[in-house]
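Straight from TrEMBL, the features:
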DOMAIN    3-93  domain 'CS'
TRANSMEM  145-167  transmembrane segment
TRANSMEM  187-207  transmembrane segment
TRANSMEM  214-232  transmembrane segment
TRANSMEM  238-258  transmembrane segment
TRANSMEM  278-301  transmembrane segment
TRANSMEM  321-344  transmembrane segment
Amino acid sequence: MQILTPHVYWAQRHGEIFLRVELSDATNVDIRLMEDNTLQFRAQGHGAKGDNQYEFSLEFLEPVKPEIHQKSTQRQVDIKIKKREERWWQRLTLREKKPVFLGPDFDRWLDESDAEMELQAKEKINKISVESRVRKDPYLGLKKGYLFMYNLVQFLGFSWIFVNMTVRLFILGQDSFYDTFHTAADMMYFCQMMAVLEVINPLLGLVKTKFFPAMIQVAGRNVILFVIFGSLEEMQNKAVVFFVFYLWSTIEIFRYPFYMLACIDTEWKLLTWLRYSLWIPLYPLGVVAEAVAVIQSLPIFDETRLFSIPLPSVLGRSLSFSYTLQLYLVLMFLGLFINFRHLYKQRRRRYRSRKKKVQ
Ligand SMILES: CCCCCCCCCCCCC[C@@H](O)CC(=O)SCCNC(=O)CCNC(=O)[C@H](O)C(C)(C)COP(=O)(O)OP(=O)(O)OC[C@H]1O[C@@H](n2cnc3c(N)ncnc32)[C@H](O)[C@@H]1OP(=O)(O)O
């Protein structure tokens with residue numbers, strides 16, 4: 001059997017190369033992409049010179065991805081190869097001189113600007129289909145309305161706390177540290193009880209937040225607020241309450257409006273930046289302030305025996321709650337690590353996807 005070259009026709013798009021090999025009833029089709037970016041084709045079939053073994057090879061102008069999509073029909077063999085980088089090639093082969101067996105595939109041929117338009121049209125169709133899929137959710141308006149209201153209420157609550165504390169700080173100076181609890185605790189109770197919804201929302205699929213980071217955040221804060229400050233009057237006059245409340249409310253007056261805008265598909269760049277950057281100093285400071293509060297409460301729990309666990313008389317009176325809190329201190333730093341990592345990933349994801357969109 002003679003070894004011959006079939007007629008090959010080609011066309012390109014920004015991301016792909018199409019080859020059409022004029023070989024009918026092809027069998028034993030063997031197509032390989034070599035490391036030097038060369039495509040080797042070998043098959044038996046009916047071509048210009050009748051039934052024969054046909055072969056050709058093409059060294060591409062630029063690198064291509066290693067996977068080959070191939071379809072043999074009664075009339076031809078179609079090959080699709082993905083370009084490694086999405087850009088328009090000046091020609092198909094590395095060699096400037098075009099091989100004699102190669103020609104343009106006029107059925108698929110587009111010049112660069114036509115291909116660009118085709119790409120844009122495809123993107124438009126994709127966008128419309130995504131939008132229409134999203135629009136199919138009949139409760140979307142209701143969900144967004146609920147989230148908007150939730151974020152608005154939290155924003156107003158935390159703003160009230162933040163403004164109240166700031167004004168008092170300006171007027172009373174350091175004295176304001178000591179009665180923060182009596183002026184802001186009711187509102188903080190309200191906001192932090194509402195914040196339990198932040199754990200429920202991802203469970204109901206209303207937001208993309210991961211359940212575990214939200215749970216750590218809400219449970220961690222509520223232990224400090226309800227158990228340490230709420231149940232120990234001795235803690236309520238301490239300056240640490242000021243720092244804890246101030247650090248919590250500082251992030252929330254940016255986080256909730258950021259979410260509110262997200263509910264109406266709006267974004268303010270500065271607000272986004274603040275939401276995804278302020279936690280970097282605030283989170284460790286917040287954990288340190290919370291740890292100080294826990295440490296200050298240990299002797300009070302030892303003294304008052306509040307929440308202590310009764311023990312059989314042979315083992316002593318009772319097990320002080322301060323032991324549980326010492327364990328909690330360890331958990332706090334574990335929680336800090338988990339949430340710091342989560343927030344870091346969220347920040348990277350946000351700014352990476354932003355950059356991609358700009359390019
Ligand atoms: C008894 C058991 C106890 C166990 C716990 C023991 C450990 C305790 C350790 C606790 C340490 C806590 C310390 C902490 O209290 C200290 C402080 O808070 S100091 C102040 C600084 N703090 C912060 O900056 C943290 C603020 N909090 C948060 O950011 C969140 O609570 C957190 C869960 C940590 C992360 O948020 P999230 O995962 O939601 O990130 P995103 O904002 O990127 O949201 C993801 C996507 O969901 C959309 N989303 C989320 N929520 C809403 C909403 N309410 N409304 C509308 N949309 C929402 C958001 O837009 C994102 O969507 P997309 O990806 O499309 O942009």
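For all residues, glycine too, the Cβ spot is worked out from N, Cα and C.
Note that TrEMBL annotation is computational and uncurated.
Listed stretches 145-167, 187-207, 238-258, 278-301, 321-344 were compared with the transmembrane segment (214-232); the greatest number of C-beta pairs under 8 angstroms is found for 187-207. Confidence for the domain 'CS' (3-93), expressed as mean pLDDT, is 92. Counted over residue pairs 6 or more apart, the CB atoms of the transmembrane segment (145-167) and the transmembrane segment (278-301) come under 8 Å in fewer than three pairs, which marks the two as apart. Counting residues per DSSP class in helix, strand and coil order gives 0 helix, 61 strand, 30 coil for the domain 'CS' (3-93). Long-range contacts of the transmembrane segment (187-207) within the same chain: residues 143, 146-147, 150, 153-154, 157-158, 160-161, 214-215, 217-218, 221-222, 225-226, 230, 245, 248, 252, each at least 6 residues beyond the stretch ends and with a Cβ under 8 Å from a Cβ of the stretch.
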